[in-house]
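Engineer: So TrEMBL says this about it:
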DOMAIN    B:10-129  domain 'Aspartate/homoserine dehydrogenase NAD-binding'
BINDING   B:Gly10, B:Leu11, B:Gly12, B:Asn13, B:Ile14, B:Gly15  NADP(+) binding site
BINDING   B:Lys105  NADPH binding site
DOMAIN    B:137-315  domain 'Homoserine dehydrogenase catalytic'
BINDING   B:Glu190  L-homoserine binding site
ACT_SITE  B:Lys205  active site, proton donor
Protein chains: 2
Amino acid sequence: METVKIGLLGLGNIGTGTYKTLEMNKVQITKATGLNLEISKILEKDTTRERDITVCQEQFTQDPDEIFKDPEIDIVIELLGGVEPATTFMLEAMKNKKSVVTANKAAVAANFQKLTDTAKANHVEFRYEASVGGGIPIINALTTVLQANEFVEVQGIVNGTTNYILTQMTEFGLKYEDVLKKSQELGFAESDPTADVEGIDVANKLSILISIMFNTYIAPKDIPTQGISNIKQQDIEAAKVEDSKIKLIAYAHKEGDKLEYSVKPMLLKNSHPLASVSNEFNAVYVTGNAVGELMFYGKGAGPLPTGSAVMGDVLEIAKKIYNK
Amino acid sequence: METVKIGLLGLGNIGTGTYKTLEMNKVQITKATGLNLEISKILEKDTTRERDITVCQEQFTQDPDEIFKDPEIDIVIELLGGVEPATTFMLEAMKNKKSVVTANKAAVAANFQKLTDTAKANHVEFRYEASVGGGIPIINALTTVLQANEFVEVQGIVNGTTNYILTQMTEFGLKYEDVLKKSQELGFAESDPTADVEGIDVANKLSILISIMFNTYIAPKDIPTQGISNIKQQDIEAAKVEDSKIKLIAYAHKEGDKLEYSVKPMLLKNSHPLASVSNEFNAVYVTGNAVGELMFYGKGAGPLPTGSAVMGDVLEIAKKIYNK
């Protein structure tokens, strides 16, 4: 059986979840692909942290070129987060004829065209399923089996932290500040929660969805964006009176040549399938002119759900490279 | 630009929806694939029916060999329905080195192994996205980007007719017989509704899901199957008292080496995402050991949603054949 060697950039929470997904499902993955997948080199400073996976010290490197210049490595997984150096590393990997998989929404949203063009120019694959909706296989669906559609609309709940806060405010009548504080204590919200609560993270994901669905690039900073930090208990109560819920929605709609888009808290009737998406769950509601309305629902974050999406991308690339 | 020629077996409702999907989204499809897709020959007796699509008489044939033996045809779409002659035709197409796409759950469930083996032996593709959940891209997700998971469970609402009947009984307090009669008048249920209301259609779809998710073939007839024809208004009311709904569920669960499966009406708490799947909508709820819980929701039937899934499969095959 052929061995596919993989380089991993970053062994934080998501990197560890990805490594663990491969480790615990090795038999299934080998059966599905007919290939032996192996993460052979890992770029990571923290080589001693307790991680609940089996990694040898020899796998670690501090020099990204040891991955990019390794002729045995076919695929590079980028899980550093942030726009730089992640983007530079991904481009460098592609120029060295490595296919790239990432979960990094900030980098993909900021450099969508450059990353996809560079992959094309170097005849390598570039996949980013985990960048929107974590484990939910939305990107692959939009770019493969739904391609016979003209897309009309997307509405997405694509940030778990804000959906958790809104759900807790709705179900238990709690104040925004109190839920945020509790979420931070539980490690569920960042100590600086700005990117989540102000909708910046959602804007990154919406930018990626718009690129794919409408073949148009809108930079995240050009998407009108409003977060949830101003939502008061009285807004939640007013929504209840109208048999509705407030959700932070990534929205885009195309009519003719006109594309509208926004990130903002919206009122959804309780009968809408998105209204019952609670706590840390994510969902993307898509309308295509042939398929009609579709919803994809699942865990939008977490090491293993994200690891599932990252490894799914890796498997697809490996099967393509080795003709399986 | 290269032209991909397609043979179509059957121009009934689903065939017409598939043809229409290609016709109305030709620009999008050409942009997505870089290929010109064309349904060049159609096996269909009824050549005169009004169909709201542009078909020339020269495209029709009464001889399936005109499709199987045409060296210009790469892909055959089978939309005849029923186990035979559909299965024989699909095998014949494969032996003539045509890739095959079908929406035919009865034929796929009855002959899963033979169809997949014959495709493999002839180095052609075999895809059947539309056979489960209509337009919902569940099969592709399970066989590609979710393959890094060990699957644990599936619960599916995969028959629109029965879900419509149960929804109407629940929401309007109507009797089973009355809703069925109304559905038949509206053309929404068949004049002989047995396959739907007795769960046979659902058992076909569950057999396919089990083959894919658990790598085990269970013939539809070997799945314990109970339909909805015995559901009384008092059962619906009893469910309401427990804050629940009755849904016809395709169920399979694996624990260790033990696989359990059934088709039967089940009580779902209203808080369960499947409980809010109403009327003709379908949804498949899947649990994987890495990704956790996922739900795919959408239209499980209808010419255009099914056409979206069929053409999605065709596009994937065309891109693979022509290296796009």
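Note that Cβ sites are derived from N, Cα and C of the backbone, with glycine treated the same way.
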Engineer: What is the separation, in Å, between the Cα atoms of B:Gly10 (NADP(+) binding site) and B:Lys105 (NADPH binding site)?
Structural biologist: 15
Engineer: Can you list, in sequence order, the residues of the same chain other than B:Gly10, B:Leu11, B:Gly12, B:Asn13, B:Ile14, B:Gly15 whose CB lies within 8 Å of the CB centroid of the NADP(+) site?
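Structural biologist: Apart from B:Gly10, B:Leu11, B:Gly12, B:Asn13, B:Ile14, B:Gly15, the close residues are B:Thr16, B:Gly17, B:Thr18, B:Glu44, B:Leu79, B:Pro303.
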Engineer: Please give me the binding-site residues out of B:Gly12, B:Asn13, B:Gly15, B:Lys105, B:Glu190 that lie within 10 Å of the residue listed as 'active site, proton donor', comparing Cα atoms only.
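Structural biologist: Those close enough are B:Lys105.
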Engineer: Could you state the whole-number distance in Å separating the C-alpha atoms of B:Gly12 (NADP(+) binding site) and B:Lys105 (NADPH binding site)?
Structural biologist: 16
Engineer: Per DSSP, what is the helix/strand/coil residue tally across the domain 'Aspartate/homoserine dehydrogenase NAD-binding' (B:10-129)?
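Structural biologist: Split into helix, strand and coil, the domain 'Aspartate/homoserine dehydrogenase NAD-binding' (B:10-129) gives 54 helix, 22 strand, 44 coil.
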Engineer: Out of B:Gly10, B:Gly12, B:Gly15, which has the highest number of nearby Cβ atoms, where nearby means within 10 Å of its Cβ, if these are the binding-site residues?
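Structural biologist: It comes out as B:Gly15.
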Engineer: On the 0 to 100 scale, where does the mean pLDDT of the domain 'Homoserine dehydrogenase catalytic' (B:137-315) fall?
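Structural biologist: Mean per-residue confidence for the domain 'Homoserine dehydrogenase catalytic' (B:137-315): 96 out of 100.
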Engineer: In which DSSP state, out of helix, strand and coil, do we find B:Lys205 (active site, proton donor)?
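Structural biologist: Helix, per DSSP.
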Engineer: Tell me the Cα distance separating the residue listed as 'NADPH binding site' from B:Gly15 (NADP(+) binding site), rounded to the nearest angstrom.
Structural biologist: 15
Engineer: Hey, what's the Cβ neighbour count for B:Lys105 (NADPH binding site) at 10 Å?
Structural biologist: 24
Engineer: Just jot down the residues in the same chain as B:Leu11 (NADP(+) binding site), at least 6 apart in sequence, with C-beta under 8 A of its C-beta; none if empty.
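Structural biologist: Within the chain, B:Leu11 (NADP(+) binding site) has Cβ neighbours under 8 Å at B:Tyr19, B:Ile42, B:Glu44, B:Asp46, B:Arg51, B:Val55, B:Leu79.
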Engineer: Of the binding-site residues B:Asn13, B:Ile14, B:Glu190, which one has its Cα closest to the Cα of B:Lys105 (NADPH binding site)?
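Structural biologist: Nearest candidate: B:Ile14.
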